[in-house]
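Copied from TrEMBL, the annotated features are:
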{"type": "DOMAIN", "residues": "A:307-507", "note": "domain 'Peptidase M1 membrane alanine aminopeptidase'"}
{"type": "BINDING", "residues": "A:His365, A:His369, A:Glu388", "note": "Zn(2+) binding site"}
{"type": "ACT_SITE", "residues": "A:Glu366", "note": "active site, proton acceptor"}
{"type": "ACT_SITE", "residues": "A:Tyr455", "note": "active site, proton donor"}
Amino acid sequence: MSSGTWTVVFFLLWFVRTAEAQFVPLSPRLANYQLDVQLDTDTKYLTGKETLVWTNPSNEVIHELQFHLYLNAFRNGQSTFMRESGGQLRGAFIKRNDEASYGWIDILSMQARQASGKTEVLTGKYQFIQPDDANADDRTVISVPLSQPLGPGQRITIDMAFRARLPRIFARTGYSDDFFLVAQWFPKIGVYEPPGTRYVASPGRWNCHQFHANSEFYADYGVYDVTVTVPQNFRVGATGLLKSERQNANGTKTMRWRAEDVVDFAWTASTAFTVFDDRWRHVAIRVLMQPEHASQAQRHIDAAKVALAYFDKHLGRYPFTTLTIVDPPMSGLGAGGMEYPTFITAGTSWGLPAGVRVPEQVVIHEFGHQYFMQLLATNEFEEAWLDEGFNQYYEGRIMDETYGPKSSLTDLFGYRVGNLEVSRNSYVHLDHPAIAPSFGNVWQLPDAYYGELTYFKPATWMRTLDGLVGRPVMDEIMRTYFNRWKFKHPNAKNFIAIVNEVVAKRLGSRLGPNLNWFFDQVLYGTQVCDYELHAVRSVRQGNAYRSAITVYRRGDAQLPVEVLVHFEDGSEKLLHWNGKASAHTFTLTQPSQAEWAKVDPQQKIYMDINLNNNSFAIRPPASPAAKYAAKLMFWAQNWMQWLAWLV
Amino acid sequence: MVLWLYGVNFLMSLLVLLPAYATLRREMGTSLEYLKLLNGFDFTVYSDFRHSHGAATDSLLTVGFWLGLLYLLISVFFSGGMLRQLASATDRRQTFQASWFLVASMQSFGRFFRLFLCVAGFILLLSVVFLLLGGLGGLALSETLNEEELSYFALACLLLFGLSVLFTLCVGDYAKILLFRRNETHALPAFREAMRFVLSHVRAAFGNYLLLNGVGAICFAIYFLLDSWIVTGGWAAIALLFLIQQLFIFSRIALKVWALATATTVFTIQKNHLTIFSSW
């Protein structure tokens, strides 16, 4: 063939490959849904039809399917969710005596179609199961037996009709007046974990947990094709892309949404929304604001852009073309601060000053879940820290780098607070920082420690890991983790393996043969870290000084630390200690005596529970005590004067 | 007299300053971290300190709390002395004498203490009424008003409550003058009459009172501005800030005396007017 013909063939092949590549889905697409739902805004009822096409991902024969019926968590006070939560979430309470506060979902009909063409009526054949506890009143999971087992790799189509009533919002989903946040609203198949997935040995198993007070969700990837019918005066936002909209003669409108390679589908409807649109590169950002919060729309958009840019730079590309941010009304704040694929809820209040960065924090946090939840679909029932902890760490990084490390959360009247330092404070100042490890089923964590153990402690030790390995290595770890595990279900072992791989490649054995010792303490263990610079003493020896610097390890965590010694002549020495013994004394002979010393001078060991005892000065400054004693006196005088005005 | 009152305030507050300095010095120990607190606020240093040494500083706050209550009683006690001094203030040659001041204070303590109970009780009543009305109003309106409108409603309630409290305190000043001028001991009738007086001379009586409170609020704003501007990097800056703090406290005491002096003047003028008018 001539060179011209070769060129044509080459371009044809390149075109075919490129075209093929464009059709390669991003995810395994195991659970694909077609949903058709109508919302009755007066009765708060959802009437829906669902067609699920599910693929058996294993090499095993499957005899049953398991589904989540999340809305049944709100059926009555006896569900596991209600028993565990006491009818409240994040400070929002259910009105127990009001029937309208409750919600439920019923499957009206169910039928299976298999590739062989056989159909099987499953209506009434399923039963409620409680894989996590013995609460027979919990109806959030069903087991559906299949008389015709599903072979390896085979597909099954399930047709369902369902009816649901939305609860009044206090925990993520439901309605408040004419605001609807419709989440966890349809029968959703659990995750079948074949052998080798996460911690599963042979045989495979269904991972389909009940709805718990603190846990969130776990699902397989798929394509969602969802048709929503609502009254025409409602504005709607949803996961994915709006494909079509038609006005119906009965005063309703029907909108069709499509989302590919996502793990869930949520939507919102309200007559009150004010809509703001913007773009960041390939992403169309839509913000649905309450009218009284409209002046804060730009704050939401700016925060979303900051988060998009940061994650794009440090982890990887956001592969979707839309991002919808919902601002719930004050009465529906229970739906705020929640993440769904390409769709997040924020939360603010009227008149919030710019120096209180609540909307920015919530938007950045919830957007982060597009990575640690949606793109890396971890099991939030069993390893919530992989999602919330990592995301909290990134929230801190983004907030602190964007708005200032010591003022990113609050900067008002001289009162400045940073994001990462608040995460650290929430963990290190617990009454019992050693209460429990972060690792484990979320619903079995000690009461009231969910946030501390899944958000703040992991965020603090992630920042510590960052300090130990250095930011470039940390970024490489996270990028490797993201690229290798995106659109999959990673677990702790997968992450630790990547840490060990990247650290060994970049730092050799500087931190030991691997970093298992680190995770054994911070993730699987309850060790508490506290290093103290106990004493600095110098004794003259001839023309020189012999200085002794003593460091104590007050906690049971053992981490390598640096010690910086400053001498009177201005010189400094950086020393290293493996941090294992309960105490260590460095002895140095220098021309001048030691003036002060600091253990962990760069605060790499961020999980140290007391950073104030990390330094020792021969002549400690008295001025801070004087300044704050004067302030105390001043405020005592003010207090006296305020009371005196009563007379 | 203002200097005398400031002196008492200053001496009492030394009961906070000196133990606070000693305690903070001891608790901060040999650490260098606290230097971060010199040029502003550092949440990590503060929260670690509070967690490790909270008990030590809590006792200082308790001292401050009880000191405030003691100063309240002392202020009630000083009321007689202040009014005696103001009554004789027209005589320029009359200098302040502590003995006179204390004798007058002692003579009137009982009646002014009863008046204080009356004023405090009235403010308590106002608090309950506003809390109830505001709460019920908010609840009733929550279905019809949006968050912004509800916020305005809450702010309006708060403003109204604040004005009512200030009005009560203003009435208290005039009741004190009545009790002192007429050498009466019954606080409640005096409070009622003072209320009638203030209501019939709202502009002169309450207007001036509000003006002086406004001056106090401006002083506070100026203090906060200066506090944020001054970088307390060393002893000189700390001393300057201390001086500004004490100037502010002095101004607060001066304003208190000024308010009472203004009330005395308004009362005298208005009563003279009434006397002249009724003698026609």
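A Cβ is built for glycine as well, from the same backbone N, Cα and C atoms used for every other residue.
Counting only same-chain residues at least 6 apart in sequence, those with a Cβ under 8 Å from the Cβ of A:Glu366 (active site, proton acceptor) are A:Gly337, A:Met338, A:Glu339, A:Ile344, A:Thr345, A:Ala346.
Straight-line distance linking the Cα atoms of A:His369 (Zn(2+) binding site) and the residue listed as 'active site, proton donor', rounded to a whole number, equals 12 Å. Taking Cβ-Cβ distances under 8 Å and a sequence gap of 6 or more within the same chain, the neighbours of A:Glu388 (Zn(2+) binding site) are A:Phe372, A:Glu380, A:Thr454, A:Tyr455, A:Pro458.
In sequence order, A:Glu339, A:Glu366, A:Gly368, A:Phe372, A:Met373, A:Asp387, A:Asn391, A:Gln392, A:Glu395, A:Tyr455 are the residues of the same chain, not among A:His365, A:His369, A:Glu388, whose CB sits within 8 A of the CB centroid for the Zn(2+) site. Within 10 Å of the C-beta of the residue listed as 'active site, proton donor' there are 25 other C-beta atoms, taking all protein chains into account. In the three-state DSSP scheme, A:His369 (Zn(2+) binding site) is classed as coil.
Other C-beta atoms found within 10 angstroms of the C-beta of A:His365 (Zn(2+) binding site) number 25, with every protein chain shown included.
DSSP classifies A:Glu388 (Zn(2+) binding site) as helix under the three-state reduction.
The Cβ of A:His369 (Zn(2+) binding site) has 24 neighbouring Cβ atoms from other residues within 10 Å, across all protein chains displayed.
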